[in-house]
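Undergrad: OK, TrEMBL features for this one:
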- B:12-36: transmembrane segment (TRANSMEM)
- B:66-278: domain 'ABC transmembrane type-1' (DOMAIN)
- B:70-91: transmembrane segment (TRANSMEM)
- B:103-124: transmembrane segment (TRANSMEM)
- B:153-176: transmembrane segment (TRANSMEM)
- B:197-216: transmembrane segment (TRANSMEM)
- B:228-248: transmembrane segment (TRANSMEM)
- B:260-279: transmembrane segment (TRANSMEM)
Amino acid sequence: MTLTKTKLLPIAAQVLLFAFSILMLYPVLWMVFSSFKDNSEIFAKSFSLFPTEWKFGNYAAGWKGFGSYTFATFFKNSFIVVLIYTVGAVLSSAFIAYGFARMEFAGKKFWFACMIATLMLPQEVIMVPQYIVFQWLGWVNTFLPLTVPSFFGIPFFIFMLVQFMRSIPAELDNAAKIDGCNSFMIFYRIILPLTLPGLMTAAIFAFYWHWQDFIGPLLYLSRPDLYTVSLALKMFSDPDTSSNWGGMIAMSVLSLVPVIVIFFCFQRYIVEGITAGGVKG
Amino acid sequence: MREKTNLLGYFYISPYIIGLLAFTLIPMAISLYLSFTDYNLLSSPRWIGGGNFSRMVSDDQFWQSVRVTFYYVFTAVPARLVFALAVAIALKELNFLKGFYRLVFYVPSLIGGSVAVAVIWVQLFSKDGVVNAFLNTLGFNIDFSWIGNPSTAIWTLVLLSAWQFGSAMLIFLAGLQNIPKDYYEAASVDGANAWRRFVRITLPMLSPIILFNVVMQTINGFLAFTPSYIVTEGGPMNSTLLYVLYLFRRAFQFSDMGYASAMAWVMLILISILTALIFSSSRSLVHYEGKGD
Amino acid sequence: MRRRFATIMALILCSALVACSSNKGDTGSAEGDQGSGSVTLRFAWWGDQARHDLTMEAIKLYEKNYPNVTIVPEFSGFDGYFDKLSTQAAGNQLPDIFQMNVPNFSSYAKNNLMADLKPYADQGKIDFSNINESVVGLGELNGKVSSIPAGINAIALVYDPAVLQENGFSMNDAEWTWDDFMNMAKSITEKSGMYGGGNIESVNVLSYYYFRTLGSGFFNASGDGLGFEDAQLIDYFNKVSELAAAKAIPTPDIVASIKGMEDDLLVKGQAPFSWRFSNNLSSLANLAGRPLELALLPGPGSDKGMMLRPSLYYSVAENSKQKEEAVKFLDFLINDLDANDILKAERGVPISEKVREHMMQNLNENQKKEFEYISRVEQHSSAADRPEPAKANEVRSALTDVLDRLLFKTLSPEEAATDFKKKASEILGRS
């Protein structure tokens with residue numbers, strides 16, 4: 001039964017899936033191919049995907065960056081900021097989620113509700129008061145406002161990891177307790193490994209959100225030698241003069257590469273995490 | 001015994017509380033205060049009591065932004081979730097090219113917020129853009145710009161959002177992986193077909209994740225900003241004026257920080273009510289395997 | 001699992017170390033000197049790649065001449081520049097020298113965020129002797145010179161002489177009227193299918209030109225209300241509607257897809273006109289790849305309507321801890337001949353006569369046209385408007401809304417005028 005059914009359904013679905021995926025990719029393909037087109041051609045002949053003449057100059061021109069700061073600097077900055085942020089976010093959120101998912105304590109509902117509530121706050125509004133706080137701490141024009149807060153947990157990830165942790169049976173905890181484990185050991189040896197897919201997913205999200213974030217860098221980084229890639233990309237298009245679309249698109253394509261690479265690497269863990277896991281299937 | 005668990009619990013969530021205080025509560029308190037003031041960032045705030053809120057009631061643009069945002073949320077979020085779940089399930093059944101598909105469907109979310117994509121999106125939907133060219137070859141005769149037309153511009157943003165279903169899809173995938181295979185095998189042995197397996201096993205097991213995605217996507221929908229900021233700038237004729245874009249404009253373009261803070265609190269209250277509604281209705285629908293609440 | 005955890009911990013520690021070491025001490029704030037004699041100034045501007053490169057070169061020249069001074073550049077694109085600037089202002093952290101523009105000038109000046117340059121000029125720390133008094137006045141508010149224009153421009157019509165000629169027209173911009181323009185526009189549209197009127201930037205035309213030709217102004221003298229008669233506005237709306245009906249100007253959805261200069265209708269050969277400012281000529285001509293000219297806007301009354309405007313300003317922050325050094329650098333930017341050679345008048349025609357004369361020899365075709373246009377406008381203009389009310393930006397945004405609705409035909413010209421007047425009063429009443 002299993003063999004015949006799984007072969008028939010997928011074929012029709014597979015074709016559909018494939019066609020759909022190409023459609024999904026079209027804008028991205030457009031972007032990649034445009035990075036090899038001459039500036040004048042990019043929008044003039046937007047229908048044609050392939051360049052009439054393959055030019056690699058956009059990459060060199062784009063890489064040059066602005067006013068003596070090349071994209072080497074911008075990429076370095078982005079990496080530093082985003083890596084620290086990701087590590088801080090995932091670890092602290094897992095730690096905190098464990099507290100919400102497994103501990104009972106007075107006021108737990110209140111703090112949980114608090115956390116959900118902060119998710120609904122538009123970042124744009126506490127932007128200015130937050131800036132004032134950071135400025136009082138002396139952190140403006142450093143990477144600190146963009147990295148340190150992540151070590152105190154990110155509500156989105158906490159919420160997500162709580163849900164993941166809740167689907168792990170309590171019997172495992174109890175078994176470990178009987179074996180003499182304390183709460184931290186339960187966290188470390190049982191919960192954390194079983195939440196691995198969640199952790200990896202959180203890591204991927206943390207990475208690319210922060211990679212793309214430009215409001216944070218915009219506010220807190222005034223010196224071009226600290227700029228991240230996301231900020232530098234915005235600077236390519238100026239409404240008052242001609243924009244270097246070719247350069248911008250080329251650099252945008254380049255900025256995609258780290259994110260995709262990270263994704264590929266962590267993708268394996270999502271699958272591995274479960275099959276190597278323990279209890280479930 | 002009670003005290004021990006209390007202390008322990010607080011130990012684990014202490015980083016969160018500290019961060020909350022410093023980076024969220026204090027700024028939030030400041031913004032609450034500001035919502036009762038007239039503050040243009042360049043000079044000190046001036047107390048005006050409920051002035052901002054009363055102005056909101058008669059502000060056309062405010063109501064326009066509310067309308068646009070509700071429309072956006074109630075079209076883009078379902079679209080995203082349906083695609084995300086459907087594709088996640090399809091991918092789980094599939095073994096061929098799985099990694100490729102996962103990547104392909106995820107890439108749009110990766111690049112969605114960038115300026116380059118915004119520019120491309122404008123081009124795609126403009127009068128002589130690719131979408132029209134494609135539709136024209138199919139026989140339709142489209143002569144206008146989707147993005148320049150007040151009645152259709154919002155759809156381009158909805159499409160942009162739906163295009164980025166990859167993140168929700170990933171979460172569903174991770175959740176699907178967590179469902180033990182033996183449940184399905186047991187069900188097949190009992191004679192259940194694919195649809196019944198889906199309804200009786202997948203959905204309930206996935207329900208915490210579904211709840212999570214519904215809540216998050218809805219909140220994100222209400223807080224959407226970047227698409228309208230970069231792609232349409234709220235136009236044409238404010239047909240894509242999302243709430244947060246209007247808030248941002250008032251805060252920075254019109255130096256009206258007090259009013260913007262007031263708007264933020266209105267949105268906060270609105271979303272809280274909505275989320276509470278979602279949670280309470282979920283009590284009967286959501287099934288927790290582990291220690292539940 | 002344990003191994004992975006360990007490597008992750010190691011990663012955190014390493015990256016934390018890297019971050020801390022590379023950023024400690026990089027405060028970049030306006031705190032004073034590191035040791036006697038050495039000075040650090042923060043200089044902020046917006047622009048494109050070209051401007052960034054040129055400005056950095058000029059900075060290097062200054063630092064070479066004054067080795068004890070370090071100038072820390074803080075540049076970005078235009079998007080977000082003022083968002084950041086106002087956040088910095090709120091935290092009393094404005095850069096020592098920063099670029100300012102006309103729409104934001106009033107609010108910053110009224111809130112005393114910019115230092116008064118007059119005392120420094122009186123003491124000879126900054127040289128205004130080669131600058132026309134009226135130009136210095138462009139940065140003056142309430143008796144304080146809060147900013148100095150970095151360059152001058154004026155509203156202008158960029159046009160393609162070849163297209164005009166093909167259609168049997170010639171340009172006599174000192175004497176032409178709106179009727180002449182409308183005829184030209186409609187005729188060219190009929191004959192060639194182009195948008196004969198081009199994309200009229202009505203908000204700019206109305207803000208900075210139209211009402212002046214009629215003897216009134218966009219804002220009234222005291223800055224708390226509008227300065228024109230309803231009938232005058234309705235008249236303008238009628239003109240625009242007429243052109244729209246004749247398809248001589250593009251519909252709003254076409255306008256919406258004009259994102260950058262390369263999309264400009266004139267550049268793409270879809271219109272003979274581009275409604276801009278004089279310093280845009282070079283970019284447009286380069287993109288179009290054919291010779292373009294500058295013309296005064298239609299009259300009657302164009303000599304009352306035209307005025308010299310700052311393309312943008314330079315200001316010194318009131319919260320700067322080394323205003324004198326900042327002023328000295330400013331003096332360099334506007335008066336030094338070598339600096340201006342480097343900057344290539346990219347921010348507009350230089351305000352110093354001496355600099356202008358010096359540069360005339362090295363200008364290219366298009367730049368010469370821009371300079372000559374400014375000289376013409378100097379002779380054919382009247383005094384600039386007083387600085388605008390603080391909420392001017394919002395008023396203009398309301399005007400854009402109303403214009404859109406007019407062109408989408410959801411409002412008649414009369415309704416549009418009434419609607420705008422109502423909104424503007426409400427906005428200005430809130431100041």
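The backbone N, Cα and C atoms fix where each Cβ goes, and this holds for glycine too.
A TrEMBL annotation is a machine prediction, not a hand-curated record.
Would you situate these features in the structure and describe their surroundings?
TA: The list of residues near the transmembrane segment (B:70-91) in space but at least 6 beyond its ends in sequence, with Cβ under 8 angstroms from a Cβ of it, reads 98, 101-102, 105, 154, 157-158, 161-162, 164-166, 168-169, 171-173, 176, 198, 202, 210, 213-214, 217-218, 221-222, 224, 242.
Long-range Cβ contacts of the transmembrane segment (B:153-176) within its own chain (Cβ-Cβ under 8 Å, at least 6 residues beyond either end) map to 68, 71-72, 75-76, 79-81, 83-85, 87-89, 91-92, 102, 105-110, 112, 121, 125, 146-147, 202, 205-206, 208-210, 212-213, 217, 221, 224, 227-228, 231-232, 235-236, 239-240, 242.
Sequence-distant contacts of the transmembrane segment (B:228-248) (same chain, at least 6 residues past either end, Cβ-Cβ under 8 Å): 61-62, 64-66, 68-69, 72, 115, 118, 121-122, 147-151, 153-154, 156-157, 160, 222, 260, 263-264, 267.
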Undergrad: Quick one: do the transmembrane segment (B:260-279) and the transmembrane segment (B:12-36) have at least 3 Cβ pairs under 8 Å, skipping pairs fewer than 6 apart in sequence?
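TA: By the criterion, they touch.
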Undergrad: Six or more residues out from either end of the transmembrane segment (B:103-124), which same-chain residues have a Cβ under 8 Å from its Cβ atoms?
TA: 87, 130-131, 147, 156, 160, 163-167, 169-170, 226-227, 230-232
